[in-house]
């Protein structure tokens, strides 16, 4: 886990990434909404109009707007360019848990402890539909990224999928009659409903805190107070439980699909974030905090960035480093990609594979040191347990077929890191943190006594 940015604040209950700018919104338990630039690590603005905790927060995809929902029963729509609240939507009778904009229509979806889900038109500033059916607090409700569906999670231990295609046809077709004629019950004279329950997913043993759609597949992920993360599949006629990820040892507060990989991220009041392999249903990574329970997770829509809110602030992080190991010499850039050492000529922009790397390490190459005199490279891998790190010494072939490059035999040894220090010598920091000088045959020629030496 690569932490890119960290904040200290009151408990963070809601998070939203801006789709284009390097911004993240954090809604806090003390009623403040913070707007952060996570690249510059600066607080851009704060908005303090809610009375009590703010749990729901979401940026609009195109407009300079965001929506918030709080324990004061109010939904507020803000313009961050004007730096003020434009209007407040009233109607819920209890705490508001989540608020989300629709990706295309002028709608806001809100979930509340009053056991209802409401859809609001933020242009006409009216409630256009009330979804009733849950019989306990509705902890979360989200639009499907492409279809006319809503998923909701409730403390009544169910996840529900709602079909809202009737609402779209009525409200957004040419010459449609707005809701003031029909009333907001969502039922017209002929008994046709705007929103109907399509699936009720039962399987959790305790209240469900979060549910989210997969961005492209017909899947749903949910997290609950039974400490389980469940994966569900659906089709037109039915929905069923695919599998359960077990490992958290307290309430699961949030669970989301990775937008581009076969992974699920979840966090919990057990003070951990866990990453699960969707195909194997097993935990692949766990990140823990010492004292802070986690409450919410956000995934950036386009980048491999995530944010997690906890008791004393939030973190913005990546699961893995995306920058490849590289070295520059003259007009040449050498870098590692897909088990190949590649060479990019800055003058001609020609990018070729110069050699194939030996396999055997499950960790990616972390750093590289290039020796132009001998045309050799040192490639270092960094293991999760640093003491298991290794390096490989390769001589780059003089002539190589870029379509099918050679795979020369490298010399592998254990070491935290290795760098060239002369034409025919390189230094290795070994697992005991002592410094070794080696020759081109990978033989130790000298041990350097140093008090303390760290790799960076």
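Just so you know, the numbers here start at 1 and follow the chain as drawn.
Each Cβ is built from the backbone N, Cα and C atoms, and glycine gets one as well.
Heads up, TrEMBL stuff is auto-annotated, nobody curated it.
Sequence annotations record features per position, and here TrEMBL assigns repeat 'WD' to 47-88 (among others). Note on the repeat 'WD' (47-88): its mean pLDDT in the predicted model is 97.
Taken from TrEMBL, the feature repeat 'WD' covers 89-130 (among others).
For 131-165 (among others), the entry in TrEMBL reads repeat 'WD'. Through the fold, the repeat 'WD' (131-165) approaches residues 94-95, 97-98, 100, 102-103, 107, 109-113, 115-119, 186, 194-202, 204-213, 215-216, 220, 222, 224-225, 232, 234, 239 of its own chain, all at least 6 residues removed from its boundaries and within a Cβ separation under 8 Å.
Broken down with DSSP, the repeat 'WD' (201-242) shows 0 helix, 25 strand, 17 coil. As annotated by TrEMBL, repeat 'WD' applies to 201-242 (among others).
Summarising the annotation, TrEMBL assigns repeat 'WD' to 245-286 (among others).
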Q) Residues sitting near the repeat 'WD' (47-88): Cβ under 8 Å, six or more positions beyond its termini, same chain? A) 13-19, 23, 25-33, 35, 94-101, 103, 108, 110-112, 120, 122, 125
Q: Work out, from DSSP, the number of helix, strand and coil residues along the repeat 'WD' (245-286).
A: 0 helix, 25 strand, 17 coil
Q) Restricting to the same chain and to residues at least six past its boundaries, which positions have a Cβ under 8 Å from a Cβ of the repeat 'WD' (89-130)? A) 14, 53, 55-61, 65, 67-71, 73-77, 136-143, 145, 150, 152, 154, 162, 164, 167-168, 171-172, 178-180, 184-186, 194-195
